[in-house]
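Swiss-Prot has this to say about the protein:
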type	residues	note
SIGNAL	1-30	signal peptide
CARBOHYD	Asn6	N-linked glycosylation site
CARBOHYD	Asn68	N-linked glycosylation site
CARBOHYD	Asn136	N-linked glycosylation site
CARBOHYD	Asn215	N-linked glycosylation site
CARBOHYD	Asn226	N-linked glycosylation site
CARBOHYD	Asn251	N-linked glycosylation site
CARBOHYD	Asn260	N-linked glycosylation site
CARBOHYD	Asn275	N-linked glycosylation site
CARBOHYD	Asn299	N-linked glycosylation site
CARBOHYD	Asn309	N-linked glycosylation site
REGION	366-388	region 'Disordered'
TRANSMEM	394-414	transmembrane segment
REGION	433-478	region 'Disordered'
Amino acid sequence: MKRFINSTVTFSVTVTIAVIIFFLLSPVTSLGSGSTYAVVYGSDTVCALISGQPTQRILCYDTRLNINVTLNPGVSFSSIAAGDNFLCGIRSGGYSLLCWDNIGSYSPNRKRIYQNDNVLLETLSVGDKQICATVNGTNSLKCWRGSVSDQSKPPNERFRSISSGVGFSCGVSIRNNRILCWGTDPVKSNQIQTGFGNTPMVTISAGKSHACGLNTTGNLICIGNNDSGQLNVIAPDQPNLYSSSLSLGSNFTCAMRISNNSVVCWGGGAERFNNVTDSISFESISSGPGLICGLISSNLSIMCWNPTNFSRIFLPFPEVLPGPCVESSSSSLCSCGVYPQSDKLCSGTGSICKSCPIQFPASPPSQFPLPPPPPPPPPSPSTSSPPSKALTRGLLAFAIVGSVGAFAGICSVVYCLWTGVCLGKKKVHNSVQPTITRGGSNSRSNSSNSRSLSIRRQGSRMLSMRRQRSGTSSMKHADKAEEFSFSELASATGNFSLENKIGSGSFGVVYRGKLNDGREVAIKRGEVNAKMKKFQEKETAFDSEIAFLSRLHHKHLVRLVGYCEEREEKLLVYDYMKNGALYDHLHDKNNVEKHSSLINSWKMRIKIALDAARGIEYLHNYAVPPIIHRDIKSSNILLDSNWVARVSDFGLSLMGPVLGKDHNPYQRPTKAAGTVGYIDPEYYSLNVLTDKSDVYGLGVVLLELLTGKRAIFRNNGDVEEEEGCVPVHLVDYSVPAITADELSTILDPRVGSPELGEGDAVELVAYTAMHCVNAEGRNRPTMTDIVGNLERALDLCGDSHGSISSGICSIVSD
């Protein structure tokens, strides 16, 4: 029995320790993360915290002018980080944050950014303009400067690691280990956050326009701009090769090897000099846009080099602190021990904690270890001492608790695997389980070779997690949107000339414009002389668009640039979508054959459908609170210069259903609104709104993509007429053909018959569309199910990465 207890205790303790060590992360040093030294952008000045003195002061050295500058000689700091010609430092104790502007001059200007004796700062992150820090104990986030206020960062998030680049900051959320990004450049922030997706991460480091980090399996992942090869990780598939000490510059990435603490770099030609740094062991590394520096372990000196020509220099600093000095009373909290000679380095004022190496939890065993053979009979009770009994009881209790915890963990893993794998075998909807049976030709239609293709759920829960996108922020207008004057927008549109008119929206006319800074935008102007009812509708639509779009940021939603509200004038400014609306391409009278339009391919149409579905899925599942668009139609799906589809026009949008007391979605009673042909019949007749109303609208759009016909059209045999004949609803026209396995009879002839591999994809889209337009909302799939099916359809087209190439452009769907 004792051997079994010891075995179980050992297993439980091992699992417990692995989980604990997993979260003991060593500090990350990069272009935008706090450390004991930093490289200032734009001036090639390096600043460091000097050791061996009563105060851990900041000493800076200008590598171009060869001069030293001391900042606040009588003040101790725990960490510093640099931005564009400025430096910031957290004072020892974390109660104050100071910054110096014009750091390259002889007399930098000092400013106190933060002071609070109760809420202490811990981790510092500085980008080109923005400054962020986490709060000690809570890991909540505070940000300053660069228009990155507390309102623009992810709300109510706690971070275990943060880092800042040029125009963006990113962090690893404690809640789910996902990467969240924010900043003054929402396009770059969203690109990087989207690139990481739902990959569980443990560290993050930012460069000028890319970011890298270690995932939970120990692999290094880099996302963002790759124009110089800075994302081309050396040995990316080899786990536990690199430590958490990463350093990213403008066009290069550097990392430290776990094996010998040497530095390896790639991108911008930096890899040419890896053989020079192979023999040097570093404590950490830090970078500016064009300069790499490392703290050498043997003598705590700083060596810097240029990644393009390896012109290295050794900075004339005394020994530099390898980590912050903590009070001696706190040194007992150093989980991985105290750094050698800490007393000397901190001049008797404290100790330096060693950085803990990141340990990644091994895959849990498939079953509990088998108990060993029965032990020999225990000694008689008279020979057992009371302490041994107590110890045995304690070990037994610990073993039981540990075993229960381990068993619960294994059950969770098994459940996740079961739902992820087995859900893939379920149909799109439990209540409707269609099967597509298709023969190769009429002569073979009844043969045993006909095969079935089921619409699968694709483990929608797992897929949904992989597709999670950026969160929302404040509801206030000015947090994200610029305010323009009416004269600015009038000038941008040629005084709203007819030649600049490109369409109309929920409350006005849309014009193409060009702002003074050269940005191309779309400007929606509300009707000025509207009747009272129309005026109230315009007010509501205007307020809705600002309220929603100012806090929504997603690749597949049209971005609100700003607004204007002067007297009765109400205008909204959006990113200009160069390729217009999907409706215009599908129903253009000049689009008469396959080569008339780039969208006349099944792969392209499925890709556009997937883009739009991802935007709607974000509104339903990840916006807080959820949002129901209410007007999904092909004219509200716009295409940017790269043919990426984005959902637009939120004038009719409403906050979506929330969970009621019975944990079922609450259906919001509201007056029906939308566009004829796309409006949900259940919503129209019952005035009850749910997110399934958007699903219906998307289903009609899918049918448009398949057939090339309008939502309501006049049908004269195989010819669609503008006048005459009886109006036909696209749903009534398409669904019977799909149900009767006659899909080929309604497909858009301009695209032609599906090529090899596309047939199954088109059928999957057709059956997905059929379920989307089911008369009863409860029988329609969720947006997560739809996205999963469209992703699979795009894969079936022979492109697992969702990329579509043509002679004109290259399109990538993430």
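Even glycines carry a Cβ here, placed using N, Cα and C.
All features noted in Swiss-Prot, drawn onto the structure.
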residue	record	Cβ contacts under 8 Å, 6 or more apart
Asn68	N-linked glycosylation site	Leu59, Cys60, Tyr61, Pro316
Asn136	N-linked glycosylation site	Gly94, Leu120, Leu121, Glu122
Asn215	N-linked glycosylation site	Thr199, Pro200, Met201, Val202, Ile221
Asn226	N-linked glycosylation site	His210, Asn232
Asn251	N-linked glycosylation site	Lys208, Asp227, Ser228, Gln230, Gly267, Gly268
Asn260	N-linked glycosylation site	Ser281
Asn275	N-linked glycosylation site	none
Asn299	N-linked glycosylation site	Glu319
Asn309	N-linked glycosylation site	none
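Secondary structure at Asn215 (N-linked glycosylation site), as computed by DSSP, is strand. Taken residue by residue with DSSP, Asn275 (N-linked glycosylation site) is part of a helix.
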